[in-house]
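Visitor: This is the feature table in Swiss-Prot:
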type: TRANSMEM; residues: 26-46; note: transmembrane segment
type: TRANSMEM; residues: 51-71; note: transmembrane segment
type: TRANSMEM; residues: 94-114; note: transmembrane segment
type: TRANSMEM; residues: 179-199; note: transmembrane segment
type: TRANSMEM; residues: 217-237; note: transmembrane segment
type: TRANSMEM; residues: 261-281; note: transmembrane segment
Amino acid sequence: MSQKIILNNSYSITKSHLFHIVDPSPWPVLTSFALLLLVIGGVSFMHGYKFNIYILSAGIISVGYCLYSWWRDIVKEGIVEHQHTSPVRKGLQIGMALFILTEIVFFGVFFASFFKSSLSPVGLLDGVWVVKQGIWPPPTIKTFEPFDIPFINTLILLLSGTTVTWAHYALEEKNQKDCVTALALTILLGIFFTTMQAYEYYHAAFKFTDGIYASNFYLATGFHGAHVIIGTIFLIICYFRAKRGDFTTEGNGHLGFECAAWYWHFVDVVWLFLFTFVYIFGS
């Protein structure tokens, strides 16, 4: 089956298939090196090595630039070159679903560590694992009140899940104004959540190095917070694309927004588990 593809409204090519043959791209290799630089910078920062802040900053900037350029090319493939045919979109959807599946496993490890530590509180004593009074959380840890800031953050994320769904329905109804408004509200809620989380960390009564409880807490909630920031950036991109009119309802021409919504709902669900087990059960 052949398909005509218009390039920049000036000329067209005809493909003999609907599948996407990926063009040569420098971004996978460059992103790998940028991530390596980021890891080196992070390790240097944690150990206080010389020039650590410069290496870390270079890593963050490099990763950000590579991802921006890579995703820009993907958007160009879909909008300008019209290479995102039905099988290509299906492949991208499957890829996003598999990515979220790996994220579920990723957070599952943190929950497994938390439950192992909480249900069987043990510690190292002269190289031997011994039961530590059977108390969880440890007596030296002053936990957060779950129905204070954590509960407010729960309401914020639940409301943001509602607004991103509103944006999706508005897009399906070809209501660009409501779609843009709902996306803006979702972004503001995401920023508000991150601000509240930072406030909570700032006033925490324990540090990352204060035992297994603190390590589990900061790893689980910290990585979730990082995912909220990434999801917020994802939605900001969708906001500007929606204002520009990039998204359409014909042929699922809003796959980028759909993937962002999936990711955001995943972040919501993870937080519900964190709130239930880490904050309520853990306190």
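Every residue number used here counts from 1 along the chain in the order it is shown.
Just so you know, glycine gets a Cβ as well, placed from its N, Cα and C.
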Visitor: Residue list, the transmembrane segment (26-46) vs rest of chain: Cβ under 8 Å, 6 or more residues beyond ends.
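Guide: Hits for the transmembrane segment (26-46): 52-53, 55-60, 62-63, 65-67, 69-70, 73.
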Visitor: Counting only pairs 6 or more apart in sequence, are there at least 3 Cβ pairs under 8 Å between the transmembrane segment (261-281) and the transmembrane segment (51-71)?
Guide: no
